[in-house]
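Below is one structure, written out as structure tokens; the observations come after it.
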Amino acid sequence: MAKWFAALRTPVGAFSAVLLFLVLVLTVFAPILWHDNAFEIDTEAIAQGPSAAHWLGTDDLGRDILFRVLVATRLSVLLAVFATVIGVVTGLVLGTLPSLLPRPAARLITSAVNIAVAFPGLLLVLFFSVIFGVGTHGAVLAVGFALAPAFARLAQTLSASVAGQDFVSAARISGVGRIRLLVRHVLPNIGETLVVNATIGAGASLLAFAGLSFLGIGVQAPEYDWGRLLGEGLNGIYVNPAAALAPGVAVVLAGLAFNLAGETVAGVIGVRTGLRKLAPRKAVPARESVAEDRDDAVLVVENLQVAFPRPAGWTVPVRGVSFTVHAGEAIGVVGESGSGKSLTGLAVSRLVEAPAVVTADRLDFAGKPLLKTPERESRGLLGTSLAMVFQDPMTSFNPTRRIGRQLAEVAEQHQGLPRAKAFERAVDRLRAVRIPAAERRAKQYPHEFSGGMRQRAMIGMGLMGDPRLIIADEPTTALDVTVQRQLLRLLARTRAERDTAIILISHDIAVVSQTCERMLVMYAGRVVEDMPSAGTPRHPYTRALLAATLDLETDRDAPLAVIPGRPPEPDRVPTGCAFADRCPAVTDRCRLEDPVLERVESGHRVACWEASSLPVKETVTAGGAE
Ligand SMILES: Nc1ncnc2c1ncn2[C@@H]1O[C@H](COP(=O)(O)OP(=O)(O)OP(=O)(O)O)[C@@H](O)[C@H]1O
């Protein structure tokens, strides 16, 4: 509810609410209050301009234009609403039927919808008007059915995206029928987006009605809506321009009310129809101590924050991260899901897009301050000197283009190599990452590669330039253990041969400690420990993470160690240390003050007030210190 109040306090939200309220009040009360005034004929004042008696003048029969415009609100709005309901229901049926019908019938419907979507809306309205006949009923059906294809396409796309989700597959496997699947699992998940689009569709149908009535094929006399009034007003525009302007303004304001209301609802429920620029949140949690800075630093990050706008304020999933990566160094970033590991990697690579806001006191890559360098220049630098390897090797490549060409594109773009030379280099890089029969493989599509080969090709793509840093975000999660090893070995070899630095983001603290000499432990958007992989952890969270890791020496009969509780959501981080609620060593100070990341010994920083008082050798587990 707070979100709705917050949305109503924004200028767009407040304006749309007031406008919509006015339109609804007029829809209900205008015909009751002013019906007689609107029909009263004043033979003394036929086709006159504005006067004290008739503020917007009179029509050919001497009827008051202002009252007629106000009374016409009901018919205009109701017609638009009816047509929208017809459009949404028909669209929903057409959009969801393909998932229920046998394949040939489904294809027929999908093709029909695709063809209908290709026609301009106005043409469809005119086409259906001819079929359903001139008049109010014909116009409602015409506008309604003309809206349907767009809704059908939207419903199809939305249901297809939901149908691919694991919970739908799980329901299907457990034997849930198609109709139940649709009603219970698919529709509830697409309802919000459809409602938002329906609100916006109502604005469009209001305009369509005005157009039809204006052309004389919509509402017929003696009934009248804004479109008819507009048509009549235009006949005498030189005598009384207000007679045409007033219904025109009414159409625009009511359309605006529907569209802005849709925009506001979309903002609250998270369906964005446009970007809003907001200033980043100011509040910064306790600054971490400044990162070490040596001559060979490839990346220096100081007080990095990533914030996302929400209707009720800002959520800051990365809250002031500082670290340095030196040439040839391998750093692991570990932490539970949602701790901000990936966002940190993406922010460093400048891949976090608006409306998110990335700020940092310092974000230097290869000596260049990325946040102050013009985008073109920083793109060029990152394109040749930074490589990213993502978790899902299938989505890392464009499925419609051959692997070799995708690699070659990097050299064409950033090094200006001609097409043939760039392709040669691509083959050479594929060979360097041990892709067998590289020349043949370069001509294949991503789906012809195995998962491990795709990841190696991704590293190959990074090697098209001369990377000084490779950021690998969970690169081995989707791979089996043997392929995982090969990939980690390839990263290690690349690092040794080229002095490339590596940031390995992973859930798996064991993989990180084997591959990297240093690790950053992240919790709730901050680095809580920065330590040598072979060192002894000081932070209770790192200790608990290690205790919860299984290895061959783990006692199979003992209960599994777990960290009690859950990390806080980014917009509900408590005051003080974010780990306090789950920490066995918590003190009053922890709940009040956020600990600063401080050096405890050379190359080891910890953000914990109790780090120095905890015995160094102890392992902290779920139940507390042992
Ligand atoms: N585009 C976004 N808009 C809003 N919040 C986001 C967005 N992307 C990420 N977040 C939030 O930021 C937080 C950190 O996300 P991030 O992906 O960095 O976590 P992570 O530590 O990499 O987790 P995982 O290991 O599951 O990938 C999460 O709570 C996530 O919901």
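Cβ coordinates are placed from backbone N, Cα and C, and glycine is handled just like the others.
Look at TrEMBL and you will find 73-262 tagged as domain 'ABC transmembrane type-1'.
Residues annotated as domain 'ABC transporter' in TrEMBL: 299-549. Taken together, the residues in the domain 'ABC transporter' (299-549) have a mean pLDDT of 86 on the 0 to 100 scale.
TrEMBL lists 12-34 (among others) with the feature transmembrane segment.
For 77-101 (among others), the entry in TrEMBL reads transmembrane segment.
For 113-132 (among others), the entry in TrEMBL reads transmembrane segment.
TrEMBL lists 194-217 (among others) with the feature transmembrane segment. Tertiary neighbourhood of the transmembrane segment (194-217): same-chain residues 76-77, 79-81, 83-84, 87-88, 92, 121-122, 125, 129, 134, 138-139, 142-144, 146-147, 150-151, 154-155, 158, 225-228, 230-231, 234, 247, 251, 254-259, 261-263, 265-266, 269, 271, 273, selected by CB-CB distance under 8 Å and a gap of 6+ residues from either end.
The transmembrane segment annotation in TrEMBL covers 237-258 (among others).
The stretches the transmembrane segment (12-34) and the transmembrane segment (113-132) are not in mutual contact, being linked by fewer than three Cβ pairs under 8 Å (pairs 6 or more apart in sequence).
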